[in-house]
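Listed in Swiss-Prot for this protein:
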ACT_SITE  13  active site, proton acceptor
ACT_SITE  41  active site, proton donor
BINDING   12-18, 40-42, 305, 331-333, 410-412  GTP binding site
BINDING   13, 14, 15, 16, 38, 39, 40, 41, 129, 143, 224, 239, 303  IMP binding site
BINDING   13, 40  Mg(2+) binding site
BINDING   299, 300, 301, 302, 303, 304, 305  substrate binding site
């Protein structure tokens, strides 16, 4: 039995879905524990792409059960559409392999509308996906939320909707002056979706607990990345949930279950979608080259990702925040055959040199300390035994600065293009 957590170690989009899909081959459960359909995971199998937003990456493996934990904010419209889209591709999804926590907080039309009008009416853009994630978490924390199980009870759903709409109605009508669905319109839509999706509702807490007790392999699949964590991230340019390993405990399982591996997924360079500080961002042709070669366009938003050199002070910070045991390095092939290759090993900040970021640091004011690395060249024939010396040096530089080993290396989009230096499912 192995308990494995997959955490994004940057600002999201690191390739978590690819690693989760690969590990799912040996997993009994793959669990989503936070976020919502603002996540976007791309899986490539036999040259065919599959895009996932809510459903865990284990869905492509028939023996693997997929769990959406109670820490996820659930858009029932998005879930229904994703199930329908995947089933149309011949991917089996049923109440036998998909389990959705009855306690997931529901995203309504009101949340999505509020998300959109706030972003368009503020001078400080956060770069929200507009999926209603933040407003749904607000309702959850303020105890105005609607749970998945509430969709199955007409009286309860109507009363919870009335509570949720009470304040928002004033905002829509008097402040933002926008049209919004009536309570009855929203009720009719959500109740109908509830009847359709009820088959997937489950006590996921007990499902996970029993799987661990039975010695099953469980993989927890994070969304976004540590640097977007509402507490640890680059606030206010963050998401609304705990994207660090702490999110597993609050969103899926109990603190009584330890983890055998906490794998930090990171690209061989750095990307960011939306607003916020980015110390190593490249504004020149090199940045454009990485963006083009890496296909850096958001799966969820369609926005072009900002690109820059690998930032080791931030990676070390992420490792500390989530107690990472190792790094899974992705998209190494994007850096192949570059004329110039650099990595950030530290910052100059307030008259000092620092080598690990921390919560109070102002990343707008740091000056990255960049070192030149020898460029390397790899192709699909790369193995652990024929790896170029320059690439080995690049990997060793990362390990030495962050203080944990690199346990796998991805050098292409498909699940076959990964070198594993460690068996995550092997004890000891």
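Cβ atoms are placed via backbone N, Cα and C, with glycine included.
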- Message: Between the two most separated Cα atoms in 13, 14, 15, 16, 38, 39, 40, 41, 129, 143, 224, 239, 303, the residues recorded as binding IMP, what distance in Å do you get?
- Response: 34
- Any idea what the Cα distance is from residue 15 (GTP binding site) over to residue 224 (IMP binding site), rounded to a whole Å? 10
- Of all the binding-site residues here, 299, 304, 332, which one's CB has the most other CB atoms within 10 A? 332
- Three-state secondary structure, residue 302 (substrate binding site) (per DSSP): coil
- Query: 10 Å Cβ neighbour count around residue 15 (GTP binding site)?
  - Reply: 21
- Sequence order is fine: just name those recorded positions in 12, 13, 41, 224, 411 with a Cα within 10 angstroms of residue 301 (substrate binding site). none
- Message: If I take the alpha carbons of residue 18 (GTP binding site) and residue 129 (IMP binding site), what is the distance between them in whole Å?
- Response: 22
- Query: By CA distance, which of the binding-site residues (12, 129, 224, 299, 303) lies nearest to residue 41 (active site, proton donor)?
  - Reply: 299
- Message: I'm trying to understand the geometry here, so how far is the Cα atom of residue 305 (substrate binding site) from the Cα atom of residue 38 (IMP binding site), in Å to the nearest whole number?
- Response: 15
- Give the distance between the Cα atoms of residue 129 (IMP binding site) and residue 42 (GTP binding site), rounded to the nearest whole Å. 17
- Query: Between the binding-site residues 40, 224, 302, 303, which lies closest to residue 12 (GTP binding site), Cα to Cα?
  - Reply: 224
- Item | Of 303, 304, 411, i.e. the binding-site residues, those within 10 Å of the residue listed as 'active site, proton acceptor' when Cα atoms are compared | none
